Amino acid sequence: MLISRNKLILLLGIVFFERGKSATLSLPKAPSCGQSLVKVQPWNYFNIFSRILGGSQVEKGSYPWQVSLKQRQKHICGGSIVSPQWVITAAHCIANRNIVSTLNVTAGEYDLSQTDPGEQTLTIETVIIHPHFSTKKPMDYDIALLKMAGAFQFGHFVGPICLPELREQFEAGFICTTAGWGRLTEGGVLSQVLQEVNLPILTWEECVAALLTLKRPISGKTFLCTGFPDGGRDACQGDSGGSLMCRNKKGAWTLAGVTSWGLGCGRGWRNNVRKSDQGSPGIFTDISKVLPWIHEHIQTGNRRKSSRAWCSEQDVIVSGAEGKLHFPESLHLYYESKQRCVWTLLVPEEMHVLLSFSHLDVESCHHSYLSMYSLEDRPIGKFCGESLPSSILIGSNSLRLKFVSDATDNAARFNLTYKALKPNYIPDSGCSYLTVLFEEGLIQSLNYPENYSDKANCDWIFQASKHHLIKLSFQSLEIEESGDCTSDYVTVHSDVERKKEIARLCGYDVPTPVLSPSSIMLISFHSDENGTCRGFQATVSFIPKAGKKIELPTLWFPVLILVM
(Lines of atoms letter the chains of each structure in order from A and count residues from 1; the text may use other names and numbers.)
(Lines give C-alpha, C1' and ligand atoms only; values in the text may rest on other atoms or scores of the structure.)
Protein backbone atom coordinates (compact mmCIF):
# COMPACT_ATOMS: atom_id res chain seq x y z
CA MET A 1 0.00 0.00 0.00
CA LEU A 2 1.67 3.18 -1.18
CA ILE A 3 1.74 5.87 1.52
CA SER A 4 4.15 8.47 0.16
CA ARG A 5 3.07 12.05 0.80
CA ASN A 6 2.42 14.66 -1.83
CA LYS A 7 1.28 18.23 -1.89
CA LEU A 8 -2.11 19.11 -0.41
CA ILE A 9 -4.90 18.94 -2.95
CA LEU A 10 -8.16 20.48 -1.85
CA LEU A 11 -11.12 18.72 -3.43
CA LEU A 12 -14.60 19.97 -2.64
CA GLY A 13 -15.99 16.53 -3.34
CA ILE A 14 -13.94 15.10 -0.50
CA VAL A 15 -15.28 17.62 1.97
CA PHE A 16 -18.83 17.03 0.82
CA PHE A 17 -18.64 13.28 1.20
CA GLU A 18 -16.80 13.14 4.47
CA ARG A 19 -19.31 15.41 6.18
CA GLY A 20 -21.71 12.50 5.99
CA LYS A 21 -19.18 10.22 7.66
CA SER A 22 -20.00 11.21 11.21
CA ALA A 23 -20.13 9.57 14.59
CA THR A 24 -23.89 9.25 14.25
CA LEU A 25 -23.46 6.43 11.75
CA SER A 26 -24.36 3.15 13.42
CA LEU A 27 -24.32 -0.42 12.21
CA PRO A 28 -26.91 -3.08 12.97
CA LYS A 29 -26.43 -4.78 16.32
CA ALA A 30 -27.20 -8.24 14.95
CA PRO A 31 -24.32 -10.09 13.23
CA SER A 32 -24.32 -9.06 9.58
CA CYS A 33 -22.02 -8.02 6.78
CA GLY A 34 -19.88 -4.90 6.65
CA GLN A 35 -19.31 -4.50 10.40
CA SER A 36 -16.00 -3.53 11.95
CA LEU A 37 -14.68 -3.49 15.49
CA VAL A 38 -13.24 -0.05 14.87
CA LYS A 39 -15.72 2.79 15.20
CA VAL A 40 -16.03 5.50 12.58
CA GLN A 41 -14.16 8.58 13.76
CA PRO A 42 -16.10 11.82 14.21
CA TRP A 43 -15.77 14.11 11.22
CA ASN A 44 -13.47 17.06 11.38
CA TYR A 45 -11.62 19.01 8.72
CA PHE A 46 -8.07 18.21 9.82
CA ASN A 47 -8.72 14.53 10.45
CA ILE A 48 -10.04 14.02 6.94
CA PHE A 49 -7.07 15.58 5.18
CA SER A 50 -4.54 13.78 7.34
CA ARG A 51 -6.10 10.52 6.18
CA ILE A 52 -6.45 11.44 2.50
CA LEU A 53 -2.89 12.69 2.01
CA GLY A 54 -1.22 9.46 3.07
CA GLY A 55 -1.97 5.88 3.84
CA SER A 56 -1.82 4.58 7.37
CA GLN A 57 -1.52 1.41 9.38
CA VAL A 58 -4.96 0.13 10.33
CA GLU A 59 -6.14 -0.93 13.75
CA LYS A 60 -6.54 -4.66 14.21
CA GLY A 61 -10.10 -5.74 13.42
CA SER A 62 -10.79 -2.77 11.14
CA TYR A 63 -11.54 -4.89 8.07
CA PRO A 64 -12.38 -8.45 9.17
CA TRP A 65 -13.21 -9.49 5.59
CA GLN A 66 -9.68 -8.79 4.37
CA VAL A 67 -7.76 -12.01 3.66
CA SER A 68 -4.23 -12.81 2.61
CA LEU A 69 -3.80 -15.19 -0.30
CA LYS A 70 -0.52 -17.02 0.33
CA GLN A 71 1.66 -19.31 -1.73
CA ARG A 72 3.80 -21.46 0.54
CA GLN A 73 3.22 -18.99 3.39
CA LYS A 74 4.23 -15.98 1.29
CA HIS A 75 1.65 -13.24 0.70
CA ILE A 76 0.88 -12.73 -2.99
CA CYS A 77 -2.61 -11.16 -3.15
CA GLY A 78 -5.54 -9.99 -1.11
CA GLY A 79 -9.19 -10.97 -1.12
CA SER A 80 -12.54 -10.29 0.55
CA ILE A 81 -14.80 -12.65 2.48
CA VAL A 82 -18.44 -12.46 1.36
CA SER A 83 -19.75 -15.61 3.09
CA PRO A 84 -18.30 -18.35 5.34
CA GLN A 85 -17.11 -20.36 2.32
CA TRP A 86 -16.55 -17.75 -0.39
CA VAL A 87 -13.82 -15.20 -1.06
CA ILE A 88 -13.62 -12.72 -3.94
CA THR A 89 -10.23 -11.89 -5.43
CA ALA A 90 -8.69 -10.78 -8.74
CA ALA A 91 -8.57 -13.28 -11.58
CA HIS A 92 -4.98 -12.40 -12.44
CA CYS A 93 -3.91 -13.54 -8.96
CA ILE A 94 -4.82 -17.15 -9.72
CA ALA A 95 -4.75 -17.17 -13.53
CA ASN A 96 -1.98 -19.79 -13.29
CA ARG A 97 -4.07 -22.79 -12.27
CA ASN A 98 -0.92 -24.77 -11.46
CA ILE A 99 -0.34 -22.76 -8.29
CA VAL A 100 -3.82 -23.22 -6.81
CA SER A 101 -2.86 -26.41 -4.98
CA THR A 102 -0.08 -24.47 -3.23
CA LEU A 103 -2.32 -21.63 -2.02
CA ASN A 104 -3.88 -20.97 1.36
CA VAL A 105 -6.26 -18.22 2.43
CA THR A 106 -5.73 -16.62 5.83
CA ALA A 107 -8.51 -14.62 7.47
CA GLY A 108 -8.02 -12.50 10.58
CA GLU A 109 -4.55 -11.62 9.31
CA TYR A 110 -3.00 -8.40 10.55
CA ASP A 111 0.78 -8.72 10.85
CA LEU A 112 2.38 -10.98 8.24
CA SER A 113 5.48 -11.46 10.39
CA GLN A 114 3.62 -13.32 13.12
CA THR A 115 0.62 -15.50 13.83
CA ASP A 116 -2.10 -13.18 15.06
CA PRO A 117 -4.77 -14.17 17.60
CA GLY A 118 -7.94 -15.10 15.72
CA GLU A 119 -6.20 -16.10 12.48
CA GLN A 120 -7.89 -18.83 10.43
CA THR A 121 -6.30 -20.51 7.42
CA LEU A 122 -8.16 -22.65 4.87
CA THR A 123 -7.26 -24.31 1.60
CA ILE A 124 -9.14 -23.68 -1.63
CA GLU A 125 -11.68 -26.21 -2.88
CA THR A 126 -12.86 -24.50 -6.08
CA VAL A 127 -11.67 -21.59 -8.22
CA ILE A 128 -14.15 -19.83 -10.53
CA ILE A 129 -12.62 -17.26 -12.88
CA HIS A 130 -15.00 -15.01 -14.79
CA PRO A 131 -15.43 -16.57 -18.25
CA HIS A 132 -14.72 -13.25 -19.99
CA PHE A 133 -11.38 -12.74 -18.27
CA SER A 134 -8.36 -13.02 -20.56
CA THR A 135 -4.67 -12.73 -19.77
CA LYS A 136 -4.38 -10.81 -23.04
CA LYS A 137 -6.72 -8.15 -21.63
CA PRO A 138 -6.31 -8.63 -17.87
CA MET A 139 -7.94 -5.37 -16.76
CA ASP A 140 -11.43 -6.44 -17.90
CA TYR A 141 -13.50 -8.93 -15.88
CA ASP A 142 -10.56 -9.28 -13.49
CA ILE A 143 -12.45 -11.18 -10.82
CA ALA A 144 -12.49 -14.69 -9.42
CA LEU A 145 -14.40 -16.57 -6.74
CA LEU A 146 -12.67 -18.91 -4.30
CA LYS A 147 -14.68 -21.57 -2.50
CA MET A 148 -12.98 -22.67 0.69
CA ALA A 149 -12.46 -26.28 1.71
CA GLY A 150 -14.26 -25.59 4.95
CA ALA A 151 -15.84 -22.48 6.39
CA PHE A 152 -14.55 -19.45 8.24
CA GLN A 153 -15.91 -18.96 11.74
CA PHE A 154 -17.10 -15.40 12.08
CA GLY A 155 -16.11 -13.40 15.13
CA HIS A 156 -14.32 -10.21 16.17
CA PHE A 157 -11.54 -10.49 13.59
CA VAL A 158 -13.21 -12.49 10.81
CA GLY A 159 -16.45 -11.52 9.08
CA PRO A 160 -17.99 -10.76 5.67
CA ILE A 161 -18.20 -7.54 3.71
CA CYS A 162 -21.54 -6.64 2.12
CA LEU A 163 -22.13 -7.05 -1.58
CA PRO A 164 -23.93 -4.09 -3.15
CA GLU A 165 -27.62 -4.32 -3.81
CA LEU A 166 -28.88 -4.42 -7.35
CA ARG A 167 -28.40 -1.06 -9.04
CA GLU A 168 -26.55 0.29 -5.98
CA GLN A 169 -23.60 2.32 -7.19
CA PHE A 170 -21.08 4.64 -5.60
CA GLU A 171 -20.92 7.76 -7.70
CA ALA A 172 -17.90 9.76 -8.81
CA GLY A 173 -16.46 11.80 -5.95
CA PHE A 174 -17.37 9.17 -3.37
CA ILE A 175 -14.44 8.55 -1.03
CA CYS A 176 -13.78 4.86 -0.53
CA THR A 177 -11.03 2.85 1.15
CA THR A 178 -8.68 0.16 -0.07
CA ALA A 179 -6.48 -1.93 2.20
CA GLY A 180 -3.70 -4.45 1.83
CA TRP A 181 -0.16 -5.58 2.52
CA GLY A 182 1.22 -4.23 -0.76
CA ARG A 183 4.49 -2.43 -1.31
CA LEU A 184 4.89 0.85 0.56
CA THR A 185 6.82 2.39 -2.34
CA GLU A 186 7.14 1.46 -5.99
CA GLY A 187 9.72 -1.34 -6.16
CA GLY A 188 9.93 -1.44 -2.35
CA VAL A 189 9.15 -4.19 0.13
CA LEU A 190 5.78 -5.51 1.22
CA SER A 191 4.21 -4.02 4.31
CA GLN A 192 4.15 -6.45 7.20
CA VAL A 193 1.11 -4.79 8.80
CA LEU A 194 -2.20 -4.12 7.04
CA GLN A 195 -2.36 -0.62 5.52
CA GLU A 196 -5.24 1.51 4.27
CA VAL A 197 -5.67 4.52 2.02
CA ASN A 198 -8.71 6.58 1.05
CA LEU A 199 -9.31 7.27 -2.63
CA PRO A 200 -12.00 9.16 -4.57
CA ILE A 201 -13.91 7.43 -7.37
CA LEU A 202 -13.39 9.16 -10.71
CA THR A 203 -15.98 9.82 -13.38
CA TRP A 204 -15.95 7.47 -16.34
CA GLU A 205 -14.90 10.40 -18.55
CA GLU A 206 -11.92 11.18 -16.31
CA CYS A 207 -10.96 7.52 -16.26
CA VAL A 208 -11.10 7.09 -20.04
CA ALA A 209 -9.24 10.35 -20.66
CA ALA A 210 -6.41 9.28 -18.35
CA LEU A 211 -6.11 5.83 -19.91
CA LEU A 212 -6.04 7.25 -23.44
CA THR A 213 -2.79 9.06 -22.61
CA LEU A 214 -0.94 5.78 -22.06
CA LYS A 215 1.40 4.21 -24.58
CA ARG A 216 -1.04 1.34 -24.94
CA PRO A 217 -4.51 2.72 -24.18
CA ILE A 218 -6.65 0.41 -22.07
CA SER A 219 -10.28 -0.36 -22.72
CA GLY A 220 -12.88 -2.47 -20.99
CA LYS A 221 -16.40 -2.63 -19.63
CA THR A 222 -16.08 -3.69 -16.02
CA PHE A 223 -13.60 -1.45 -14.25
CA LEU A 224 -13.71 1.80 -12.33
CA CYS A 225 -10.93 4.28 -11.57
CA THR A 226 -9.79 5.97 -8.38
CA GLY A 227 -7.04 8.32 -7.31
CA PHE A 228 -5.62 11.81 -7.66
CA PRO A 229 -4.21 13.28 -10.91
CA ASP A 230 -1.00 14.29 -9.10
CA GLY A 231 -0.58 10.82 -7.60
CA GLY A 232 0.79 10.07 -4.15
CA ARG A 233 -1.92 7.73 -2.93
CA ASP A 234 -2.63 4.37 -4.50
CA ALA A 235 -2.68 0.62 -4.16
CA CYS A 236 0.54 -1.15 -5.16
CA GLN A 237 1.99 -4.59 -5.95
CA GLY A 238 0.72 -7.09 -3.39
CA ASP A 239 -2.61 -5.33 -2.95
CA SER A 240 -4.18 -7.04 -5.99
CA GLY A 241 -7.40 -8.90 -5.23
CA GLY A 242 -8.15 -6.75 -2.20
CA SER A 243 -11.24 -4.66 -1.68
CA LEU A 244 -12.28 -1.16 -2.63
CA MET A 245 -14.83 -0.65 0.12
CA CYS A 246 -17.38 2.10 0.55
CA ARG A 247 -19.94 2.73 3.25
CA ASN A 248 -23.51 2.35 2.05
CA LYS A 249 -26.45 4.47 3.19
CA LYS A 250 -26.85 2.33 6.31
CA GLY A 251 -23.20 2.74 7.23
CA ALA A 252 -22.15 -0.82 6.40
CA TRP A 253 -18.95 -1.45 4.47
CA THR A 254 -19.78 -2.59 0.94
CA LEU A 255 -17.52 -4.17 -1.68
CA ALA A 256 -17.46 -1.68 -4.55
CA GLY A 257 -14.39 -2.95 -6.37
CA VAL A 258 -11.57 -5.50 -6.51
CA THR A 259 -8.01 -4.19 -6.75
CA SER A 260 -6.84 -4.96 -10.27
CA TRP A 261 -4.15 -2.85 -11.92
CA GLY A 262 -2.24 0.41 -12.15
CA LEU A 263 0.73 1.78 -14.06
CA GLY A 264 3.39 2.15 -11.40
CA CYS A 265 2.36 2.97 -7.85
CA GLY A 266 1.02 6.36 -6.94
CA ARG A 267 2.26 7.97 -10.14
CA GLY A 268 0.36 11.00 -11.34
CA TRP A 269 -1.26 11.13 -14.76
CA ARG A 270 -1.96 14.84 -15.07
CA ASN A 271 1.08 15.27 -17.36
CA ASN A 272 1.54 11.91 -19.07
CA VAL A 273 4.08 13.20 -21.59
CA ARG A 274 7.23 11.23 -20.88
CA LYS A 275 6.54 7.57 -21.53
CA SER A 276 8.97 6.46 -18.82
CA ASP A 277 7.14 8.41 -16.12
CA GLN A 278 3.57 7.71 -17.16
CA GLY A 279 1.08 6.91 -14.46
CA SER A 280 -2.54 5.89 -14.31
CA PRO A 281 -5.48 5.93 -11.93
CA GLY A 282 -5.99 2.89 -9.74
CA ILE A 283 -8.04 0.32 -11.65
CA PHE A 284 -10.60 -1.78 -9.77
CA THR A 285 -13.08 -4.33 -11.08
CA ASP A 286 -16.52 -2.74 -10.65
CA ILE A 287 -18.55 -5.20 -8.57
CA SER A 288 -21.86 -3.72 -9.76
CA LYS A 289 -20.97 -4.77 -13.33
CA VAL A 290 -20.50 -8.45 -12.40
CA LEU A 291 -22.98 -8.79 -9.52
CA PRO A 292 -25.39 -11.18 -11.31
CA TRP A 293 -22.46 -13.47 -12.12
CA ILE A 294 -21.35 -13.43 -8.48
CA HIS A 295 -24.82 -14.30 -7.19
CA GLU A 296 -25.18 -17.02 -9.78
CA HIS A 297 -22.19 -18.87 -8.32
CA ILE A 298 -22.25 -18.03 -4.64
CA GLN A 299 -24.74 -19.52 -2.24
CA THR A 300 -24.59 -17.16 0.70
CA GLY A 301 -26.08 -17.99 4.05
CA ASN A 302 -29.11 -15.80 3.34
CA ARG A 303 -29.75 -17.48 0.02
CA ARG A 304 -30.11 -20.87 1.72
CA LYS A 305 -32.85 -19.30 3.82
CA SER A 306 -34.78 -18.02 0.85
CA SER A 307 -37.99 -19.75 1.94
CA ARG A 308 -37.78 -19.25 5.68
CA ALA A 309 -40.98 -18.27 7.36
CA TRP A 310 -39.52 -15.47 9.46
CA CYS A 311 -37.74 -13.13 7.10
CA SER A 312 -38.75 -9.66 8.21
CA GLU A 313 -36.91 -6.93 6.29
CA GLN A 314 -34.23 -9.16 4.75
CA ASP A 315 -33.48 -9.04 1.04
CA VAL A 316 -32.67 -12.55 -0.18
CA ILE A 317 -30.94 -13.14 -3.50
CA VAL A 318 -32.37 -16.10 -5.42
CA SER A 319 -30.51 -16.69 -8.65
CA GLY A 320 -29.90 -19.14 -11.45
CA ALA A 321 -31.42 -20.14 -14.76
CA GLU A 322 -34.46 -21.64 -13.03
CA GLY A 323 -35.71 -22.46 -9.56
CA LYS A 324 -38.55 -22.48 -7.05
CA LEU A 325 -39.68 -20.16 -4.31
CA HIS A 326 -42.01 -21.57 -1.66
CA PHE A 327 -43.26 -19.43 1.19
CA PRO A 328 -43.39 -20.67 3.85
CA GLU A 329 -41.13 -23.58 2.94
CA SER A 330 -43.32 -26.12 4.74
CA LEU A 331 -47.06 -26.53 5.29
CA HIS A 332 -46.26 -26.77 8.99
CA LEU A 333 -44.64 -23.35 9.11
CA TYR A 334 -46.39 -20.03 9.57
CA TYR A 335 -44.92 -16.57 9.55
CA GLU A 336 -45.28 -14.12 12.39
CA SER A 337 -47.65 -11.19 12.09
CA LYS A 338 -46.56 -7.85 10.66
CA GLN A 339 -43.77 -9.36 8.61
CA ARG A 340 -42.06 -8.09 5.48
CA CYS A 341 -40.15 -10.50 3.26
CA VAL A 342 -38.14 -9.49 0.21
CA TRP A 343 -36.66 -11.67 -2.52
CA THR A 344 -34.63 -10.56 -5.52
CA LEU A 345 -34.77 -13.00 -8.44
CA LEU A 346 -31.81 -12.94 -10.81
CA VAL A 347 -31.49 -14.90 -14.03
CA PRO A 348 -28.46 -14.68 -16.37
CA GLU A 349 -27.81 -11.40 -18.14
CA GLU A 350 -29.69 -10.65 -21.36
CA MET A 351 -32.44 -13.12 -20.40
CA HIS A 352 -36.04 -12.52 -19.32
CA VAL A 353 -37.86 -13.98 -16.31
CA LEU A 354 -40.88 -16.26 -16.60
CA LEU A 355 -42.89 -16.61 -13.37
CA SER A 356 -45.48 -19.36 -12.88
CA PHE A 357 -47.61 -19.76 -9.74
CA SER A 358 -48.56 -23.24 -8.56
CA HIS A 359 -50.27 -22.03 -5.38
CA LEU A 360 -51.59 -18.68 -4.17
CA ASP A 361 -53.56 -18.22 -0.97
CA VAL A 362 -53.33 -14.61 0.21
CA GLU A 363 -56.28 -12.67 1.58
CA SER A 364 -57.42 -9.25 0.40
CA CYS A 365 -54.67 -6.92 -0.77
CA HIS A 366 -55.74 -4.49 1.94
CA HIS A 367 -54.18 -6.79 4.55
CA SER A 368 -51.58 -9.12 3.04
CA TYR A 369 -50.16 -9.18 -0.46
CA LEU A 370 -47.28 -10.15 -2.68
CA SER A 371 -46.06 -7.19 -4.73
CA MET A 372 -43.76 -7.25 -7.72
CA TYR A 373 -41.20 -4.71 -8.90
CA SER A 374 -39.13 -4.61 -12.04
CA LEU A 375 -35.63 -3.58 -12.88
CA GLU A 376 -35.15 -0.03 -11.52
CA ASP A 377 -37.93 -0.73 -8.98
CA ARG A 378 -40.80 0.10 -11.32
CA PRO A 379 -44.02 -1.27 -9.79
CA ILE A 380 -45.85 -4.03 -11.65
CA GLY A 381 -48.63 -4.97 -9.27
CA LYS A 382 -49.94 -6.80 -6.22
CA PHE A 383 -51.03 -10.44 -6.12
CA CYS A 384 -53.74 -11.61 -3.79
CA GLY A 385 -56.74 -13.93 -3.63
CA GLU A 386 -56.89 -17.66 -4.23
CA SER A 387 -57.20 -17.96 -8.02
CA LEU A 388 -53.93 -18.75 -9.74
CA PRO A 389 -52.55 -15.95 -11.90
CA SER A 390 -51.46 -16.72 -15.42
CA SER A 391 -47.76 -17.13 -16.02
CA ILE A 392 -46.02 -13.77 -16.26
CA LEU A 393 -43.13 -12.96 -18.58
CA ILE A 394 -40.99 -10.06 -17.32
CA GLY A 395 -38.90 -8.19 -19.86
CA SER A 396 -35.73 -7.99 -17.75
CA ASN A 397 -33.31 -10.35 -16.01
CA SER A 398 -34.17 -9.26 -12.48
CA LEU A 399 -37.28 -9.02 -10.38
CA ARG A 400 -38.00 -8.05 -6.80
CA LEU A 401 -40.83 -9.67 -4.82
CA LYS A 402 -42.09 -8.20 -1.56
CA PHE A 403 -44.49 -10.01 0.76
CA VAL A 404 -46.27 -8.02 3.48
CA SER A 405 -48.49 -9.54 6.17
CA ASP A 406 -50.92 -7.84 8.51
CA ALA A 407 -51.39 -8.48 12.22
CA THR A 408 -53.79 -11.42 11.83
CA ASP A 409 -53.33 -13.38 8.61
CA ASN A 410 -50.41 -15.73 9.23
CA ALA A 411 -51.66 -18.65 7.16
CA ALA A 412 -51.22 -17.20 3.68
CA ARG A 413 -48.74 -18.87 1.37
CA PHE A 414 -47.59 -19.02 -2.21
CA ASN A 415 -45.48 -21.27 -4.41
CA LEU A 416 -43.93 -20.20 -7.67
CA THR A 417 -41.27 -21.23 -10.14
CA TYR A 418 -39.02 -18.99 -12.19
CA LYS A 419 -37.20 -19.69 -15.42
CA ALA A 420 -34.87 -17.76 -17.71
CA LEU A 421 -36.07 -17.35 -21.29
CA LYS A 422 -34.42 -15.69 -24.24
CA PRO A 423 -36.11 -12.44 -25.35
CA ASN A 424 -38.86 -13.04 -27.92
CA TYR A 425 -39.10 -16.70 -26.87
CA ILE A 426 -42.78 -16.37 -27.79
CA PRO A 427 -42.34 -13.52 -30.29
CA ASP A 428 -44.73 -10.60 -30.20
CA SER A 429 -47.98 -12.46 -29.53
CA GLY A 430 -48.67 -11.72 -25.86
CA CYS A 431 -50.87 -14.81 -25.90
CA SER A 432 -48.88 -17.44 -24.05
CA TYR A 433 -48.19 -15.37 -20.96
CA LEU A 434 -49.12 -12.07 -19.43
CA THR A 435 -46.21 -10.13 -20.90
CA VAL A 436 -44.80 -7.20 -18.92
CA LEU A 437 -42.41 -4.97 -20.86
CA PHE A 438 -40.29 -1.98 -19.87
CA GLU A 439 -38.93 -0.93 -23.24
CA GLU A 440 -40.46 0.54 -26.36
CA GLY A 441 -41.11 -1.89 -29.17
CA LEU A 442 -43.32 -3.59 -31.74
CA ILE A 443 -46.30 -5.79 -30.91
CA GLN A 444 -48.64 -7.71 -33.19
CA SER A 445 -51.45 -10.23 -33.09
CA LEU A 446 -50.69 -13.93 -33.13
CA ASN A 447 -49.55 -15.25 -36.56
CA TYR A 448 -49.48 -11.76 -38.12
CA PRO A 449 -49.57 -11.09 -41.11
CA GLU A 450 -51.48 -14.38 -41.39
CA ASN A 451 -54.94 -14.60 -39.83
CA TYR A 452 -55.16 -14.76 -36.07
CA SER A 453 -56.69 -17.80 -34.37
CA ASP A 454 -60.15 -18.23 -32.86
CA LYS A 455 -60.73 -17.65 -29.14
CA ALA A 456 -57.54 -15.68 -28.62
CA ASN A 457 -56.97 -13.65 -25.47
CA CYS A 458 -53.69 -11.77 -25.43
CA ASP A 459 -52.34 -9.15 -23.03
CA TRP A 460 -49.34 -6.83 -22.93
CA ILE A 461 -48.53 -4.49 -20.04
CA PHE A 462 -46.09 -1.68 -20.84
CA GLN A 463 -44.53 0.15 -17.91
CA ALA A 464 -42.60 3.34 -18.65
CA SER A 465 -40.36 5.12 -16.17
CA LYS A 466 -41.64 7.97 -14.04
CA HIS A 467 -42.63 11.18 -15.83
CA HIS A 468 -43.34 9.38 -19.11
CA LEU A 469 -46.55 8.72 -21.01
CA ILE A 470 -47.11 5.83 -23.41
CA LYS A 471 -48.11 6.17 -27.05
CA LEU A 472 -49.58 3.33 -29.15
CA SER A 473 -49.30 3.82 -32.93
CA PHE A 474 -50.89 1.32 -35.34
CA GLN A 475 -49.25 0.38 -38.63
CA SER A 476 -52.16 -1.83 -39.64
CA LEU A 477 -55.53 -2.92 -38.25
CA GLU A 478 -57.73 -5.63 -39.80
CA ILE A 479 -60.08 -7.01 -37.17
CA GLU A 480 -63.58 -8.40 -37.74
CA GLU A 481 -65.96 -5.46 -37.49
CA SER A 482 -68.99 -5.32 -35.21
CA GLY A 483 -71.17 -2.41 -34.19
CA ASP A 484 -69.79 -2.01 -30.69
CA CYS A 485 -66.54 -3.97 -31.09
CA THR A 486 -67.66 -6.85 -28.87
CA SER A 487 -66.76 -9.79 -31.11
CA ASP A 488 -63.10 -9.31 -32.07
CA TYR A 489 -61.36 -6.23 -30.70
CA VAL A 490 -58.32 -4.48 -29.26
CA THR A 491 -58.77 -2.59 -26.00
CA VAL A 492 -56.36 -0.14 -24.39
CA HIS A 493 -56.43 0.69 -20.67
CA SER A 494 -54.36 3.08 -18.60
CA ASP A 495 -54.48 0.71 -15.63
CA VAL A 496 -54.09 -3.03 -15.13
CA GLU A 497 -57.45 -3.45 -13.37
CA ARG A 498 -59.23 -2.68 -16.69
CA LYS A 499 -61.22 0.12 -15.08
CA LYS A 500 -59.89 2.96 -17.26
CA GLU A 501 -60.55 2.03 -20.87
CA ILE A 502 -59.20 4.65 -23.27
CA ALA A 503 -59.78 2.85 -26.59
CA ARG A 504 -61.76 -0.07 -28.07
CA LEU A 505 -60.91 -0.82 -31.69
CA CYS A 506 -62.06 -3.07 -34.51
CA GLY A 507 -62.66 -2.81 -38.26
CA TYR A 508 -60.25 -2.05 -41.11
CA ASP A 509 -59.22 1.61 -40.72
CA VAL A 510 -55.89 2.47 -39.11
CA PRO A 511 -56.82 4.56 -36.04
CA THR A 512 -55.07 7.66 -34.78
CA PRO A 513 -52.41 7.04 -32.09
CA VAL A 514 -53.66 6.21 -28.59
CA LEU A 515 -52.04 8.05 -25.67
CA SER A 516 -52.14 6.74 -22.12
CA PRO A 517 -52.41 9.51 -19.49
CA SER A 518 -50.15 7.49 -17.17
CA SER A 519 -46.93 5.50 -17.35
CA ILE A 520 -48.90 2.24 -17.59
CA MET A 521 -50.66 0.83 -20.63
CA LEU A 522 -52.53 -2.48 -20.84
CA ILE A 523 -53.19 -3.64 -24.41
CA SER A 524 -55.55 -6.58 -24.90
CA PHE A 525 -56.64 -8.51 -27.97
CA HIS A 526 -59.69 -10.80 -28.08
CA SER A 527 -61.25 -12.92 -30.80
CA ASP A 528 -64.41 -15.03 -30.76
CA GLU A 529 -65.04 -18.32 -32.55
CA ASN A 530 -66.63 -16.89 -35.71
CA GLY A 531 -64.02 -16.16 -38.36
CA THR A 532 -60.71 -14.31 -38.28
CA CYS A 533 -58.72 -11.61 -40.11
CA ARG A 534 -55.07 -10.51 -40.34
CA GLY A 535 -55.09 -8.74 -37.00
CA PHE A 536 -52.87 -5.78 -36.17
CA GLN A 537 -49.35 -4.48 -35.85
CA ALA A 538 -48.41 -1.49 -33.68
CA THR A 539 -45.47 0.24 -32.03
CA VAL A 540 -45.28 1.41 -28.43
CA SER A 541 -43.19 4.46 -27.54
CA PHE A 542 -42.52 6.36 -24.32
CA ILE A 543 -42.97 10.15 -24.30
CA PRO A 544 -41.25 12.28 -21.63
CA LYS A 545 -43.56 14.43 -19.57
CA ALA A 546 -43.56 15.73 -16.02
CA GLY A 547 -45.82 13.16 -14.47
CA LYS A 548 -47.38 12.21 -11.20
CA LYS A 549 -46.09 9.57 -8.86
CA ILE A 550 -46.92 6.09 -10.09
CA GLU A 551 -49.30 4.31 -7.77
CA LEU A 552 -48.76 0.59 -7.38
CA PRO A 553 -51.47 -1.14 -9.41
CA THR A 554 -53.32 -4.08 -7.93
CA LEU A 555 -53.77 -7.28 -9.91
CA TRP A 556 -57.09 -8.64 -8.66
CA PHE A 557 -57.05 -12.16 -9.97
CA PRO A 558 -58.75 -13.82 -11.77
CA VAL A 559 -59.26 -10.55 -13.73
CA LEU A 560 -56.09 -10.91 -15.82
CA ILE A 561 -56.56 -14.49 -16.89
CA LEU A 562 -55.24 -15.55 -20.29
CA VAL A 563 -57.13 -18.31 -22.10
CA MET A 564 -55.61 -19.93 -25.17
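Here the Cβ of each residue, glycine as well, is placed from N, Cα and C on the backbone.
Annotated features, as they stand in Swiss-Prot:
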| type | residues | note |
| --- | --- | --- |
| SIGNAL | 1-22 | signal peptide |
| DOMAIN | 52-299 | domain 'Peptidase S1' |
| DISULFID | C77-C93 | disulfide bond |
| ACT_SITE | H92 | active site, charge relay system |
| CARBOHYD | N104 | N-linked glycosylation site |
| BINDING | E119 | Ca(2+) binding site |
| ACT_SITE | D142 | active site, charge relay system |
| DISULFID | C176-C246 | disulfide bond |
| DISULFID | C207-C225 | disulfide bond |
| DISULFID | C236-C265 | disulfide bond |
| ACT_SITE | S240 | active site, charge relay system |
| DOMAIN | 311-421 | domain 'CUB 1' |
| DISULFID | C311-C341 | disulfide bond |
| DISULFID | C365-C384 | disulfide bond |
| CARBOHYD | N415 | N-linked glycosylation site |
| DOMAIN | 431-543 | domain 'CUB 2' |
| DISULFID | C431-C458 | disulfide bond |
| CARBOHYD | N451 | N-linked glycosylation site |
| DISULFID | C485-C506 | disulfide bond |
| CARBOHYD | N530 | N-linked glycosylation site |
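If you measure from the Cα atom of N530 (N-linked glycosylation site) to that of H92 (active site, charge relay system), you get 66 Å. Sequence-distant neighbours of C506 (disulfide bond) (same chain, 6+ apart, CB under 8 A from its CB) are I479, E480, E481, S482, C485, S487, D488, Y489, V490.
All protein chains considered, the CB of C341 (disulfide bond) has 24 other CB atoms within 10 Å. When other Cβ atoms within 10 Å of the Cβ of C458 (disulfide bond) are tallied across all protein chains shown, the result is 26. With respect to S240 (active site, charge relay system), the closest of these recorded positions in Cα terms is N104, chosen from N104, C207, C365, C458. Between the CA atoms of C225 (disulfide bond) and D142 (active site, charge relay system) there is a gap of 14 Å, rounded to the nearest whole number. The Cβ of C176 (disulfide bond) has F170, N198, L199, P200, I201, T226, L244, M245, C246, A256, G257 as same-chain neighbours under 8 Å, each 6 or more residues away in sequence.
Look at C176 (disulfide bond): DSSP puts it in a strand. Confidence over the domain 'Peptidase S1' (52-299), given as mean pLDDT on the 0 to 100 scale, stands at 81. Local packing around the Cβ, expressed as the count of other Cβ atoms within 10 angstroms, is greatest for C93 among the disulfide-bonded residues C93, C207. In the three-state DSSP reading, N104 (N-linked glycosylation site) counts as strand. Cα separation, N104 (N-linked glycosylation site) to C77 (disulfide bond), rounded: 11 Å. Take the Cα of C458 (disulfide bond) and measure to each of the recorded positions H92, E119, D142: the nearest one is D142.
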